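Below is one structure; the comments refer to it alone.
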Amino acid sequence: MKIVTINDSVSLKRDLDTGTDMQQNAVHSIIAQVREQGDQALFTLTKQFDGADLTTLRVQQAEIEAAYREMEEPVLQAIGEAIENIRDFHERQKRNSWMTTKSDGTILGQKITPLDSVGLYVPGGKAAYPSSIMMNVIPAQVAGVQNIVIVSPPQKDGSIPAGVLVTAAELGVKTILKVGGAQAIAALAYGTESVPAVDKITGPGNIYVALAKRAVFGHVDIDMIAGPSEIVVLADERANPRYIAADLLSQAEHDERASAILVTPSRALAEEVAVEVDQQLTTLPKREIAAASIRDYGAIYVTETLEEAVSVVNELAPEHLEILAEEPMSFLGKIRHAGAIFLGPYSSEPVGDYFAGPNHVLPTNGTARFSSPLNVDDFVKKSSIISYSKAALLENGAKISALARLEGLEAHARAIDIRLEDER
């Protein structure tokens, strides 16, 4: 793992993967096919891309029951407890509608309304993460969304992984559909005979899913276009190098393009961590993926001081930030840009991925400078409420008309003037 002495500013930001022309054209063609042919396109494309010859898209109750039989009790219990923790955290994010009445009788306020429907994309195969179902479904449920649809590509035998089905069932999601890729996004956006159109699409996916989400955005809402996973560890000389190496590798195994970075003022710690990473890599099942990530996107930045290390962290604006230093809570006020902040030696990043409660759908590619983790607010709309009294209009009408005429909008001004004239 390369060790770099910090001289200039650093950045995790990369060019967003907007796909090749061929990929973009393929996605637009798939979307058009789904809009024109509906379910028939989904069956055709699922056979073409996933090798599954389906006669129905909807997961049946018998399949869910079979999935439960595959699950060991300790895993089922862990899923249940994780759901509890995540729900409890997101319940604290709920907002209420409000109204206020001014002295002149004017009533102003904000009305909170949940979205009618949401579609969650769950990747298939080895990337079929039940934890992502919890993190996307629970804030939507807490927000009050009534209709939640899960789509996921089937395996060649037409099945969906047991972990996905059981987690969805534990959350009470009734509509689970066997369709993936750009065609699933198109179906959620525009609807087919079997797939209900939704108002918002969330969830991770490959480049074709990302391009499809970008293409349908505006017709429906989406969560974000997420990049590869990132972790930055801020550590002082007292930190445990074995813990740091393990946590860096926990993100590196996700993807060859994942970023794993240590920032520290301690050259000795940097060298120990580099050795530990090499040693721990040798026993990882996904060592080839992790090794490529560490080689191409991993680094250890050595700074002069801990204060300089904090500045580097804010420049990086990482998805995940671990603080392994004495009195980690004291750093919290200094961190301005990070998707999730893990404090202390026992707050390893997987604690947040699976169990603690905060959402693991986080901003990447430096976008933590201006965006937030997925949360309950992402599944509601806010409507402004205005009830102007006669007294308020008489007092302020001339000012409103003046502002309208300043902008050259005479009809706006007259809409006010006509009411003022009636009251004279």
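From the backbone N, Cα and C atoms, a Cβ is placed for every residue, glycine too.
Swiss-Prot names Gln251, His254, His412 for binding Zn(2+). Of Asp199, Asp296, Asp353, the residue it gives for the same site is Asp353. Just one of His28, His90, His320 is listed by Swiss-Prot for the same substrate site as Ser229, Gln251, His254, Asp353, Glu407, His412, and that one is His320. It is 13 Å from the Cα atom of Asn206 (NAD(+) binding site) to that of His254 (substrate binding site). In the structure as shown, the Cβ atom of Glu319 (active site, proton acceptor) sits within 10 Å of 30 other Cβ atoms. Reduced to three states, the DSSP call for Glu407 (substrate binding site) is coil. Considering only the binding-site residues Tyr121, Gln183, Ser229, Glu319 (active site, proton acceptor) has Ser229 as its nearest partner by CA-CA distance. Just so you know, the Cβ of His320 (substrate binding site) picks up 26 other Cβ atoms within 10 Å once every protein chain is counted.
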